[in-house]
Amino acid sequence: MSSPAALPALDNTMGALYVGVLLAMGLWGVSSLQMYYYFNRYSKDDYRLKLLVVLVWLLDTAHQALISHTAYSYLITNYANPVYLGHIVRSLVVMVQFSAFICLAVQLFLVQRVWALSHRNIPVTVILLLLVTGEFISTTLYFARAIQFELFSELPEIFNISRSINILGAASDVAIALTLIFLLQRSRTGFSRSETIITKLVIFTINTGLLTSGCAVMSLITITVFPNNFIYITFFVLISKLYTNTLFATLNARKSTRGGLPDDTENGLTSSTINNVSMSRMRPRAYDVEAVNTMKASQLASQRGGILSIKVDTETTNDVVRPTTGSRERKDSSSDSDSAYPYEAKLAL
């Protein structure tokens, strides 16, 4: 009696797909919790931002259903059927397009953030948009070709498209992360409070940027080094999950990173934090002036024996409130003297 044919080793194919599905399921759970947290804490956000959150979560949920169906088809429905392993399950190909939609939505959100923080820098924004749209177009082209194939043996025909997707994805991730870090560093003011806020934002951007760009780079490396197995799929299915969590984490971190400054709920970005912090370059705070006056008074007291000379620096601060209905314009000024020390009081000790 002949023995049944031995199954081929599946560690680098179905095993890699299975690991990717498990990790993706965990990230989907995290994103679901983040969405619940978002709607509880930021219920007053603009409706467009809420629609974006719901849309991305629905796409991510459909993405998870597609990769779960793929794994179920190969490992359960067609268990011990090695011939079927060479066939392409349609849900696997459709998953690629859903991943493209998720990446596009979140990347456009991040590019809009760059647009706001860079004060509408057109060249930088256009370069990032070209990378993002290039990745989306390449992915859509890959989907249009792959949906016509029946076997994995046909995929080498579009291998260059697959590699271009990973190249553009890695390039856009790295470019967006580096641009945001540069803009945040440029927004530093020198004041301790604003420095703390900027540092938090830089660390947050680095952490979220490393996750998405690192996963995209690993997908590019594995598909180049191991083009004949599914190791790259492990990383590819995680990219959209990381993007979803990046979006939700960015929105949920606003109150913890803005340091008590007013929040911009219309676009859900930290750009309002940066703008408010940057204003401190032009408008000294009351406690900063008080500290300078106290220090100078102490220094003068130590230098002059018998006479305490108190020299007071006056700071002119103009707070202008644009007149609207029921409001008025207010302007508070101190001394108009051109002298460095407008007045001096001497007390005999």
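Every residue, even glycine, has its Cβ placed from backbone N, Cα and C.
Bear in mind that TrEMBL entries carry predicted annotations, made automatically and left uncurated.
Quantities reported herein were computed from a predicted structural model and do not represent experimental measurements.
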Pick from 254-285, 318-349: which range has region 'Disordered' per TrEMBL? 318-349
What else in the chain is close to the transmembrane segment (88-110), if you only count residues 6 or more beyond its ends and a Cβ gap under 8 Å? 52, 55-56, 59-60, 62-63, 66-67, 69-70, 73-74, 132, 135-136, 139-140, 142-143, 146-147, 149-152, 155, 169, 172, 176, 180, 236-237, 239-240, 243-244, 246-247, 250
Other same-chain positions with a Cβ less than 8 Å from the transmembrane segment (51-76) and lying at least 6 residues past its termini are 14, 17-18, 20-21, 24-25, 28, 31-32, 35, 38-39, 84-85, 89, 91-92, 94-95, 98-99, 101-102, 105-106, 109, 237, 240-241, 244, 247-248, 251
